[in-house]
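Colleague: Take this structure, written in structure tokens, and hold onto it; I'll ask about it next.
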Amino acid sequence: MSPLLFGAGLVILNLVTSARSQKTEPLSGSGDQPLFRGADRYDFAIMIPPGGTECFWQFAHQTGYFYFSYEVQRTVGMSHDRHVAATAHNPQGFLIDTSQGVRGQINFSTQETGFYQLCLSNQHNHFGSVQVYLNFGVFYEGPETDHKQKERKQLNDTLDAIEDGTQKVQNNIFHMWRYYNFARMRKMADFFLIQSNYNYVNWWSTAQSLVIILSGILQLYFLKRLFNVPTTTDTKKPRC
């Protein structure tokens with residue numbers, strides 16, 4: 001096998017592997033550089049093809065609290081089944097919890113440090129895609145720590161009190177942001193539902209109007225034929 005064909009095969013294999021799953025926490029290419037863990041929270045919408053599965057990875061420390069919520073906003077295609085299945089796995093690959101429905105949540109405490117896997121499956125809908133809004137991440141009740149850094153310096157009582165108060169405010173703001181995301185998910189789902197019903201009513205009303213007009217024209221045509229009297233002549237007279 002030539003080196004050119006071997007290199008092309010590796011590129012195609014890499015593309016196929018990367019297309020099957022998506023990582024929110026990619027690893028760095030060099031061993032000297034620290035691991036890139038990305039952000040602690042994400043919220044976005046994604047389209048899942050018929051019968052397809054999408055997976056994501058989120059890094060979390062051992063002392064964190066993991067949250068994951070989703071809601072199906074709309075369906076595209078022949079089928080209108082909005083149910084999806086969600087699963088969460090720990091860094092070792094073991095199943096933590098599952099959720100199934102139009103919307104759902106998976107919350108748990110992180111018992112080990114590593115990449116946690118989240119998967120969404122559109123297994124109930126084989127003839128249509130679904131748009132799902134995701135909101136997942138990890139938060140920590142206390143100040144975040146990095147074990148690779150040096151120990152923090154001792155602070156006096158005043159600065160400790162200020163730090164505790166700031167941390168409480170930050171946690172409250174974070175939970176408010178989560179509730180806002182829940183409201184936004186529900187708002188978008190309701191918007192797509194109203195839009196779908198509006199289009200359905202318009203198309204159905206147009207079809208019914210055309211049927212009524214066509215039936216009226218046909219009735220008028222047949223009624224007119226009933227009163228159509230043929231002309232009579234000496235050679236052509238109507239039969240009794």
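Yeah, the Cβs are placed from backbone N, Cα and C, and that goes for glycine too.
So TrEMBL says this about it:
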- 53-138: domain 'GOLD' (DOMAIN)
- 1-21: signal peptide (SIGNAL)
- 203-223: transmembrane segment (TRANSMEM)
Colleague: Quick test of the contact rule: Cβ under 8 Å, at least six residues beyond the ends. What residues does that give for the transmembrane segment (203-223)?
Modeller: none
Colleague: Roughly where does the domain 'GOLD' (53-138) sit in mean pLDDT, to the nearest integer?
Modeller: 89
Colleague: Mind tallying the domain 'GOLD' (53-138) by DSSP state, helix then strand then coil?
Modeller: 0 helix, 60 strand, 26 coil
